[in-house]
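Annotated features in Swiss-Prot:
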ACT_SITE  Arg192  active site
ACT_SITE  Gln232  active site
BINDING   Val18, Glu37, Asp47, Gly50, Arg109, Val133, Asp316  FAD binding site
Amino acid sequence: MGSLGEEVQVIIVGLGIVGLAAAIECREKGHSVHAFEKSNILKSIGDCIGLQSNATRIIKRWGDGAVHEALRPWIVSSKEIRIHNSSGRLIIRQDLSEVCEQPNYLLPRSELIRVMYEHALKIGVEISLGVEVCEPSEDEEGASVVALTRDGERQIVRGDFIICSDGVHSKMRKAIMPQPVEPRPSGYAAFRALVDTETLKGDPEASWVFEGVEENDRFDVFFLSGAQIALQSCNKGKVFSWFCIHQDTRNLLDVWTSPADPNEMLDLIKVWPIGQRLWSVIRHTQPQKFINYPLLNHKPLDHWVSSHGRLILIGDAAHPLSPAAGQGASQGIEDANVLATSLSLAGRQRVSLALHVAERIRYARASAVQLISHRVNEGWRNQDWDAYEPNEQNIASLPLETWIYGHDSQAYTEQEFEMVVRAVQEGEEYHATNLPDKLRVQLGIRNVDVKEPLQNKSP
């Protein structure tokens, strides 16, 4: 990078969905962005990803609506989530009409990354693929990293600050939290994949899964004590995906790419009364796309911002979520939006302040969703689903609450910015109102650690 201009110079490390969201948000709000990804190509494995309206209202602003138009075929048309026990008996119909009042998306992860990547390039984000980043450092004036290409070239890249969006195994996190952050094994893992729709169409035993999807996509969940399967269609039945949370009997490595044998899935569900019906769909997963990865429990970190206020963690690097919440990417997109908005309101001379403001606004809310996701999973595991009656406490329902999906993070940031600035500058706590107070107490959510008043430091 050349000499620093008037724009905020943003370095992003990690270009998954959240890193791309940060790149787009920062660039569309007038900042200069250089993003790095160690892979040569942007790719994603696994199944589909859902984005609720707390994220899609952010995406709808990108490119004056152009990104939303590209994603329009993937707007969720499901009217309900149907929850069943292992015999296939319908336990609960969870209405989605309020959740889907604003557009929600459900689409293959790879398709979302493609659309976001193309838009990022179009608006002028500088993207370096196949480049590993190391040695992050900061001072009161800015931050830098060392970029290592596959050809062995070593280059120091300097900017105003660094967004660390390099995932749950973040290497950048050490620069912010020197002590290692060790997740706790949950004892569970997840199979997940896309189904080969073309072969699925030709299987008469699987014809049931296409019923009604041209009008309303399917979202079915099946429970057995100790396991859970979700089966979804999107784009009016053009794509089917599934995932299964199950006991981890292999002590899997904590990576997304642990290979799996489809027969493991068959062994798991063949004892279910509904097992053969589900297998008629799942067997159409291509073996090379069949993955199995462990689910780990992560405590909220103490903080996300570095000592000089020039590095910030976002997304899974800051607050990994269990799949139960369906909010992993959506919360990361909120991070990106709040950070970019805070930068625009603060200006280049107050970059460190902007990072602390974004952390204060997001910390309690993201921590609450993180803890809820773990608690919901634990509740599911301890329930006797075959004995479950619909009039019991509705523990089967997914956490689809208005305070989560109805939130407008940009409007909230613009409204609260000056109040948070005062709290940061005076070294006081900021009590965020973007989560319910009652829930904050129930979950034991605290505010982010209060540091030395920022006004006593250099900008």
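From the backbone N, Cα and C atoms, a Cβ is placed for every residue, glycine too.
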Val18 (FAD binding site) versus Arg192 (active site) - Cα distance in angstrom: 20
Rounded distance in angstrom between the Cα atoms of Arg109 (FAD binding site) and Gln232 (active site): 14
Surrounding CB atoms that lie within 10 Å of the CB of Arg109 (FAD binding site), all protein chains: 19
Farthest-apart CA atoms of Val18, Glu37, Asp47, Gly50, Arg109, Val133, Asp316, residues recorded for FAD, distance in Å: 29
Those binding-site residues listed as Val18, Val133, and which of them has the most Cβ atoms within 10 Å of its own Cβ: Val18
Distance [Cα-Cα, Å, rounded] between Val18 (FAD binding site) and Gln232 (active site): 23
Cα distance (Å, whole number) from Gln232 (active site) to Gly50 (FAD binding site): 10
Cβ-Cβ neighbours of Gln232 (active site) (radius 10 Å): 21
